[in-house]
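Input: one structure, supplied below.
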Amino acid sequence: MSLKEKTQSLFANAFGYPATHTIQAPGRVNLIGEHTDYNDGFVLPCAIDYQTVISCAPRDDRKVRVMAADYENQLDEFSLDAPIVAHENYQWANYVRGVVKHLQLRNNSFGGVDMVISGNVPQGAGLSSSASLEVAVGTVLQQLYHLPLDGAQIALNGQEAENQFVGCNCGIMDQLISALGKKDHALLIDCRSLGTKAVSMPKGVAVVIINSNFKRTLVGSEYNTRREQCETGARFFQQPALRDVTIEEFNAVAHELDPIVAKRVRHILTENARTVEAASALEQGDLKRMSELMAESHASMRDDFEITVPQIDTLVEIVKAVIGDKGGVRMTGGGFGGCIVALIPEELVPAVQQAVAEQYEAKTGIKETFYVCKPSQGAGQC
């Protein structure tokens, strides 16, 4: 049963009438450009064919009812006429409440809604299950009430909800790619202007995501520390963000910076340059150059930004040994566990899967999860 069928059927059973719309918003994987988003830099993600799906209908009152199919059909109810505050017990409900609350601040011309939510974006893996939920909820209200909001505004609203209501300091990339993804393309995103450029993916190349299953937590983890170190670096150069610092400027005065901050800054500056170059390499189908750029990105995350863990480095090495320069591989996401992403010629996918199955668990004691994905369309009706 598809997520659409599942949520529609649950909706009819729970609420006693049929849903009028079903909306999806995808998860994402970032091909290159890690921790650059909150430094006003560039990222190169693609939406993937794992998504959050919501079957929904407008109500004729001011009540919101939300059922979470993936959490034992837990039900949250709240009113649009009372202050929206955090739910005492359900963390998932806070993503919904946060999106609705921030949408009210943007455009308060919507009424109540019934929703049933289900998703297959792996949680806690760095594939943006939370952003896909935020964008899906925003798109539901936009579609049901014909709100004059575009994808970028729905994405910004989701980011605000996560930063201010949920309390996780995320950048804008995750929500933006979920809202604006394009089938068979990656999206080069300028995180300052929010300008996007669709970059066609080479034919015959699979986007493979391998979850290390090494558990990580982003809220309250090292993520916020890295963000502070980057802000310290930008202040040193008297710039609003590291986006505005050149590698030449950095090299001239790197010795004056705190050594740890210097390493963090160097990662951001070199990663931005790699990301812009990767977009043109991908468009030209130059997998050899893409392979080099992804390898440099991983080394920079490991040595300068220090966000990889031994399990992730092991996964990258196993994949690299199989694909050589025929494809690229690197850690993706916030770090400290999570996933690696690889661009792999389709004919090499079985060999990679076999090598990982034979070696990863033997070396780490953890069993990986392997996903072969397609670059997919952003949020909309399904």
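These residue numbers are counts, starting from 1, taken along the chain as shown.
Glycine is treated like the rest: Cβ placed from N, Cα and C.
The following feature annotations were taken from Swiss-Prot:
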- D174: active site, proton acceptor (ACT_SITE)
- E34, H35, T36, D37, Y223: substrate binding site (BINDING)
- G124, A125, G126, L127, S128, S129, S130: ATP binding site (BINDING)
- S130, E162: Mg(2+) binding site (BINDING)
- R28: site 'Transition state stabilizer' (SITE)
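Are these features on the surface or tucked inside, and what touches them?
For D174 (active site, proton acceptor), the same-chain residues 6+ apart in sequence whose C-beta sits under 8 angstroms from its C-beta are R28, P45, S128, S130, A131, Q159.
According to DSSP, E34 (substrate binding site) sits in a coil region rather than a helix or strand. Using a 10 Å Cβ-Cβ cutoff, E34 (substrate binding site) registers 27 neighbours.
Around the Cβ of S128 (ATP binding site), the number of neighbouring Cβ atoms within 10 Å comes to 29.
Of all Cβ atoms in the shown protein chains, 25 besides its own fall within 10 Å of the Cβ of E162 (Mg(2+) binding site).
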Give me the non-local Cβ neighbours of D37 (substrate binding site): same chain, 6+ apart in sequence, Cβ-Cβ under 8 Å, ordered along the sequence.
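In sequence order, the residues whose Cβ lies under 8 Å from that of D37 (substrate binding site) (at least 6 apart) are V43, G171, I172, M173, I189, C191.
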How long is the line from the C-alpha of G126 (ATP binding site) to the C-alpha of Y223 (substrate binding site), rounded to the nearest angstrom?
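Here the two Cα atoms lie 12 Å apart.
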Same-chain residues six or more away whose CB lies under 8 A from the CB of T36 (substrate binding site)?
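For T36 (substrate binding site), the qualifying residues are F42, V43, C191, I268, E271, N272, T275.
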Once the chains shown are all counted, how many other Cβ atoms turn up within 10 Å of the Cβ of R28 (site 'Transition state stabilizer')?
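There are 33 such Cβ atoms around R28 (site 'Transition state stabilizer').
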Taking the centroid of the Cβ atoms of G124, A125, G126, L127, S128, S129, S130 (ATP site), which other same-chain residues have Cβ within 8 Å of it?
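For the ATP site, the extra neighbours are G27, V121, P122, Q123, G333, G338.
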Enter the number of other CB atoms within 10 angstroms of the CB of H35 (substrate binding site).
25
Rank the binding-site residues G124, G126 by the number of other Cβ atoms within 10 Å of each Cβ and report the first-ranked residue.
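Comparing the binding-site residues G124, G126, the most crowded Cβ belongs to G126.
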